[in-house]
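**Student:** Straight from Swiss-Prot, here's the annotation block:
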type: TRANSMEM; residues: 17-37; note: transmembrane segment
type: TRANSMEM; residues: 45-65; note: transmembrane segment
type: TRANSMEM; residues: 75-95; note: transmembrane segment
type: TRANSMEM; residues: 111-131; note: transmembrane segment
type: TRANSMEM; residues: 146-166; note: transmembrane segment
type: TRANSMEM; residues: 169-189; note: transmembrane segment
type: TRANSMEM; residues: 191-211; note: transmembrane segment
type: TRANSMEM; residues: 285-305; note: transmembrane segment
type: TRANSMEM; residues: 316-336; note: transmembrane segment
type: TRANSMEM; residues: 342-362; note: transmembrane segment
type: TRANSMEM; residues: 363-383; note: transmembrane segment
Amino acid sequence: MSRYKKQQSPFYQGDLIFIFGVFFIISVVSIYAAGQFGQYGNTDWIQQIVFYLLGAVAITVLLYFDLEQLEKLSLYIFIIGILSLIILKISPESIAPVIKGAKSWFRIGRITIQPSEFMKVGLIMMLASVIGKANPKGVRTLRDDIHLLLKIAGVAVIPVGLILMQDAGTAGICMFIVLVMVFMSGINWKLIAIIAGSGILLISLILLVMINFPDVAKSVGIQDYQIKRVTSWVSASNETQEDSNDSWQVDQAIMAIGSGGILGNGISNLKVYVPESTTDFIFSIIGESFGFIGCAIVVIMFFFLIYRLVVLIDKIHPFNRFASFFCVGYTALIVIHTFQNIGMNIGIMPVTGIPLLFVSYGGSSTLSTLIGFGIVYNASVQLTKYRSYLFNS
């Protein structure tokens, strides 16, 4: 018997490939099912295949960079993201139209690009670089922690502020990511408690103003459609006609999920019309088409991905802090998107236009998610190489 055991290529990460493949199938089949109502035609599922193929190319390209190179690129990617948000803000409506009350997309012909989706990945990369470079030996003082907090605030305030002007949902996602990365950075828990408490107080104050003083909320830049979404969520028993119209799509989503039962009605036998069924409410299509079993599979896949990310965070931290903190931010992104999207589909969270990552239709959302996934895949490959080197040395 040979004394040398054949080693598998470090580029083969079977569990991550499995996750990619399962989400690809779920996404394409669900979008195809949603198209049966004819509200989007029957071509969106084909476009989603193209988005996934482009994402696969992006993942492959990212594997040619080592983690140190990606960290160096984080500043440039972050700056490009900031500039794209500024250009979007000042662009005429001919190339940056207002859609559903928000000026969040560039439109060039039939192509639409949402810069805020890519900004989320750029923000995570930049924060991972800043946090990763702070006190790598673990010896820190209160002054060090405050200095790091100021750096994090300096990185986050501009993109979050620019996004908040038009898209409160995405801005909220970014703020959640920042808070999670701050919490995991090792900063003194007392400072974190102050920040978390201040954040909860601020959010509560904003919600209070939106619900009880909508005119005041509008005067400080909060959009009318955002106020309607919040009021329809918290005041279902005392709805105005406008609020009732806003909550109707949630009622339809709940009805669709309920009609699917245990095994679902199949992709060609959908009976409940759900608006935005390929994007915001794709989970309701899964529920009606594949029932409780289909919904459970989706949730289990997200738990599997999150578990894989948590394991990677722990194992790669001694080798590369940038990769570890990027995985922290990416995990936060997956968690909040999944919780918010599924939550609004079952009526426990307000409608915010947040897609179900990996599953919802959309070029910007799918590509940015897969770019982040590519960096995670790269980190997993590099970890395999590190451990193989240590084992064989």
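Each residue, glycine too, has its Cβ placed from N, Cα and C.
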**Student:** Are the transmembrane segment (342-362) and the transmembrane segment (17-37) near each other by the rule of at least 3 C-beta pairs under 8 angstroms (pairs 6 or more apart)?
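**Tutor:** Yes, the transmembrane segment (17-37) and the transmembrane segment (342-362) are in contact.
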**Student:** Mind checking which residues reach the transmembrane segment (111-131)? Cβ under 8 Å, same chain, six or more beyond either end.
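**Tutor:** Counting only partners 6 or more residues beyond its ends, the transmembrane segment (111-131) has Cβ contacts under 8 Å with 70-71, 73-75, 77-78, 80-82, 84-85, 88, 104-105, 148, 151-152, 155-156, 159, 163, 167, 170, 173-174, 177-178, 181, 185, 321-326, 328-330, 333, 362-365, 367-368, 371-372, 375.
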**Student:** Taking contact to mean 3 or more CB pairs closer than 8 A (sequence separation of 6 or more), are the transmembrane segment (342-362) and the transmembrane segment (191-211) in contact?
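**Tutor:** Judged by the Cβ rule, the two regions do not touch, with the required three close pairs absent.
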**Student:** Would the transmembrane segment (316-336) count as touching the transmembrane segment (169-189), if touching means at least three Cβ pairs under 8 Å and pairs must be 6 or more apart in sequence?
**Tutor:** yes
**Student:** So which of 146-166, 191-211, 285-305, 363-383 has the most C-beta pairs under 8 Å when paired with the transmembrane segment (45-65)?
**Tutor:** 363-383
